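S.K.: So that we are looking at the same thing, I have put the structure below in structure tokens.
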Amino acid sequence: MTGTAFLFRNRIVPILLFALLALVPAYAAFTDDRFILLFVTRILVLAIAAVSLDFILGIGAMVSFGHAAYLGLGAYAVGILADSDIWAAWISFPVAILISGLFALVTGAISLRTRGVYFIMITLAFGQMAYFTATSLSAYGGDDGLTLWSRSEFFDTGLFSDDTSFYYLVFGVLLAVTLLLKQIAGSRFGRVLKGAKQSEARLHAIGIDPYRYRLAAYVIAGMIAGLAGALMANQSEFVSPAYMSWQRSGEILVMVILGGLGSLHGAILGAVAYLSMEEVLSGYTEHWRLIFGPLLILVVLYGKGGLLGLIKGGDKS
Amino acid sequence: MTAPALQLKNLNKAYGALQVTKDLSLEVFPGEIHAVIGPNGAGKTTLIGQIAGNVQSDSGKVFFAGRDVTALPVARRAQLGLGRSFQITAILPEFSVLENVALGVQAHHGHSFHFFKPAATDESLNSKARAILDTVNLSHRTDARAGNLSHGEKRVLELAIALAGEPKLLLLDEPMAGTGPEETRNLVEVLKSLKASIPMLLVEHDMDAVFQLADRISVLVYGGIVATGTPDEIRNDAKVREAYLGEDETA
């Protein structure tokens with residue numbers, strides 16, 4: 001299992017990826033380019049959501065088509081609290097995470113009774129419910145959303161308000177989340193998830209009902225995506241129902257699949273690639289999806305296993 | 001007489017008008033291999049399902065480990081010590097051979113809500129898994145990806161996974177199906193060495209293996225047992241020869 005390609009995919013790529021991302025603020029300062037800093041911050045926020053989706057999709061084989069709902073829940077938690085003049089991150093972030101976890105627990109308990117395409121549809125349905133609930137929150141801007149006058153506060157530090165320190169905050173969260181989920185993926189818990197993906201009948205026959213484990217994973221992923229949502233509200237200083245749209249859920253799915261399922265850092269690669277391509281291509285034409293679509297198909301067809309899969313070999317033993 | 005490890009009492013199962021299990025009763029006693037044979041369509045796989053718990057019986061009871069398990073789901077029965085192999089191989093193909101067995105050990109260790117300690121290097125799981133692979137003579141393939149095993153090796157792995165749960169009874173659904181002569185010999189030897197400690201209910205088409213292994217044989221025809229007895233009694237039973245063995249003898 002430790003061919004060079006394997007080593008490259010699973011050790012060198014993530015280290016290189018995080019090293020490059022750590023240098024972005026320095027690059028931005030050097031070239032005096034504030035845009036690149038804000039842009040990569042946004043990428044990292046969505047990468048956190050993508051990594052959490054890869055955890056349930058790539059490792060647990062749960063194709064959730066409603067993952068954007070958690071981004072929205074986390075963002076609205078920050079937005080609504082700010083609207084009531086509560087800016088403290090140590091209040092709003094735990095609230096964002098808890099609400100997302102609760103939503104994941106309730107919807108997951110129901111969704112996980114279904115399989116395959118039905119699971120996709122039911123998670124989509126719950127996502128749409130969250131979306132339409134948000135559009136009807138007229139006190140908080142309804143369709144138009146809610147503008148935040150400032151970012152969250154973390155005691156008297158400028159952690160959120162300063163762009164560079166906010167970048168490192170998001171970067172740190174992404175790194176911590178990735179390491180945490182990798183650790184879980186390798187634990188007994190993670191082994192049950194991976195096993196259930198391969199043969200549910202076998203798991204039952206050895207005395208494990210995968211349902212509770214899947215539900216726990218689903219809640220963990222929901223909480224992390226909620227955390228990403230809270231960061232996103234701060235990143236854009238704006239909260240709107242669009243955060244929860246099914247198109248956004250689809251985008252996160254595409255990032256995960258584009259990067260390569262199940263490795264977790266592949267999802268980060270996918271987020272970087274997806275959003276960069278969107279940025280570059282949309283600079284040339286508003287019909288950038290016409291170019292992006294075929295590119296995506298090519299990666300999925302030829303890099304079976306996404307961008308990471310383009311690094312061949314090392315799978316067999 | 002000692003209490004049976006497994007007792008089936010008047011089991012029935014019908015799919016629509018088709019009665020697949022008919023008022024079926026049998027016991028498996030400690031220390032014995034009880035084989036169930038019968039022509040295709042006799043209802044053997046349904047019977048296995050009723051015992052394992054994936055098929056709900058219409059009526060009748062399943063007693064296992066001294067208690068009524070008729071209403072329990074598959075995973076609960078497995079936790080009580082009901083180990084099984086599947087007719088159609090159900091291993092975890094992406095895992096290594098060791099991981100397959102280690103997951104079985106892990107399942108037997110209680111719940112798996114352990115989030116941080118790496119499972120792959122957990123010696124409390126791996127050492128027992130290695131010992132089991134030794135028992136079934138598969139240790140030379142410990143690190144192979146399970147999906148890359150030969151068919152016969154997969155059948156042995158099935159058995160190893162079932163053994164990982166320290167079963168009080170093994171439910172073997174055609175363990176020799178599709179294995180070569182060498183592999184069949186290995187499986188027969190392994191099962192023989194295990195039967196003193198683990199009673200087994202064996203459903204099998206390979207008559208040589210059945211007659212080598214079984215202490216008692218029940219013959220299943222159209223969902224009902226037409227005869228139960230020692231291998232010799234079964235071999236000489238006129239009804240059985242007519243229903244089943246006859247084809248073999250003339251072939």
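Any Cβ shown, glycine's included, is placed from N, Cα and C.
These came from TrEMBL, pasted as-is:
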type	residues	note
TRANSMEM	A:38-57	transmembrane segment
TRANSMEM	A:64-82	transmembrane segment
TRANSMEM	A:88-110	transmembrane segment
TRANSMEM	A:117-140	transmembrane segment
TRANSMEM	A:165-181	transmembrane segment
TRANSMEM	A:215-232	transmembrane segment
TRANSMEM	A:252-276	transmembrane segment
TRANSMEM	A:288-311	transmembrane segment
S.K.: With Cβ distances under 8 Å as the criterion, find the stretch in A:38-57, A:64-82, A:117-140, A:252-276, A:288-311 that has the most pairs with the transmembrane segment (A:88-110).
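M.R.: Most contacts with the transmembrane segment (A:88-110): A:64-82.
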S.K.: Let me check one thing: do the transmembrane segment (A:64-82) and the transmembrane segment (A:215-232) come into contact, meaning three or more Cβ pairs under 8 Å with sequence separation of at least 6?
M.R.: yes
S.K.: Counting CB pairs under 8 Å, which listed stretch among A:215-232, A:252-276, A:288-311 touches the transmembrane segment (A:38-57) the most?
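M.R.: Comparing A:215-232, A:252-276, A:288-311: A:252-276 has the most Cβ pairs near the transmembrane segment (A:38-57).
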S.K.: Who are the chain neighbours of the transmembrane segment (A:252-276) in space, where the CB to CB distance is under 8 Å and they lie at least 6 residues beyond its ends?
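M.R.: Hits for the transmembrane segment (A:252-276): 9-10, 13-14, 17, 39, 42-44, 46-47, 49-51, 53-55, 57-59, 63, 65, 67-68, 174, 178, 181-182, 185, 296, 299-300, 303, 305-309.
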